[in-house]
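For reference, the structure discussed in these notes is given below.
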Amino acid sequence: MIIAADWLPYVLPLQRPWQTSQGQVLERRGKLLCLRNDRSLSGWGDCAPLPEFGIDEPAARAFAEEMAHLDLVAQSAGLPLHAWLSGDPAVASLAVNSNLGAISGLSEGALQASLDAGFQVLKIKVGLAAPAEEIARLRELAAGLPATIKLRLDANAAWSLPEARQFLQACTTLPIEGIEEPLRHPVPDELAQLQAGLPFPLALDESCHLLTPAFFRHPPLHRLVLKPARHGGLLKSMEIALRARAAGLECIVTSSLESSCGLLACAQLAAAIAPNSVHGLGTAEWLAADTGQAPRISGARLYLPEGNGLGFVLAENWTKVQDPG
């Protein structure tokens, strides 16, 4: 039985601006939910709305409330949260991509650091400058990469259909692992036109309004990107992932610049639905401060915390990030 519930507001400055086609993110504001039950267990949730990512307050709050309850349920069952969600044995780690930000601002130092750390998939933001300019920069970048390295691009719904067609065609000779959200106004027929003939998957992310029964009957592209805060929780995200799997779609999970609490929930979901895919969970390094210990990343793999439930522990210096407002 739940005997106490507390909301703990926080503000986390970023190390550097997070650039999208919708603008810059300079800090993350949110609130942690701590539920305590009569067995002296604590369940944690993270509510961090981010309109730029399509995450509104009701969805973020639902995500946090469900997360905290499921944390308690999994702890009571004696299982890591991902094993409770999937019914499969626990996994120790997940492959993740690096996050290099916008192609226009990519530094040699950041690129080399990702390569030295062993990342095989490098995620880069595009759609922030003219397509021809970004293609030229990508060609220059690709020419200096080891043969095993792939680029995962995110356009954040930046292009018209003609612009997307031009950009994607130019990418067919580059080491592209996938491209997310190419269209400014996506519709299934146009996405299907773009996907046809491409040697890499297109992915749907923020355009989750397209995830209708008709979409899953005839998927217009090959990949879905799941952000559980956008879908209002882990269980809804699991449902979408199961429908996607039945339709032959790959699912990957990406975080939304959550604090370590929300990031752990995203990692638990990724381990439940696609333990062998490369996920977008290497975002903790963008935060200049955090609510707790973020999952360790080594050798381009994210290591899930040992123990049961979510695995979140509140930082000892919590008051440094607490929002007094």
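Using the three backbone atoms N, Cα and C, a Cβ is placed for every residue, glycine included.
Keep in mind that TrEMBL annotations are predicted by a computer and have not been checked by a curator.
Among the features that TrEMBL reports, domain 'Mandelate racemase/muconate lactonizing enzyme C-terminal' is placed at 107-201.
Among the features that TrEMBL reports, active site, proton donor is placed at LYS125. The Cβ of LYS125 (active site, proton donor) has 24 other Cβ atoms within 10 Å, all protein chains considered.
Per TrEMBL, Mg(2+) binding site is recorded for ASP154, GLU180, ASP205. ASP154 (Mg(2+) binding site) carries a strand DSSP state (E or B). Applying an 8 A CB threshold to same-chain residues 6+ apart, the list for ASP154 (Mg(2+) binding site) reads LYS123, ILE124, LYS125, VAL126, GLY127, ILE179, GLU180, GLU181, ASP205.
Neighbour count (other Cβ atoms within 10 Å of the Cβ, all protein chains): 25 for LYS227 (active site, proton acceptor). Taken from TrEMBL, the feature active site, proton acceptor covers LYS227.
For the binding-site residues shown (GLU180, ASP205), fewest C-beta neighbours within 10 angstroms: ASP205. For the recorded site, LYS227 (active site, proton acceptor), the DSSP three-state label reads coil. Each of LEU153, ALA155, ASN156, ILE179, GLU181, ALA203, GLU206, VAL225, THR254 belongs to the same chain as ASP154, GLU180, ASP205, is absent from that list, and has a C-beta within 8 angstroms of the C-beta centroid marking the Mg(2+) site.
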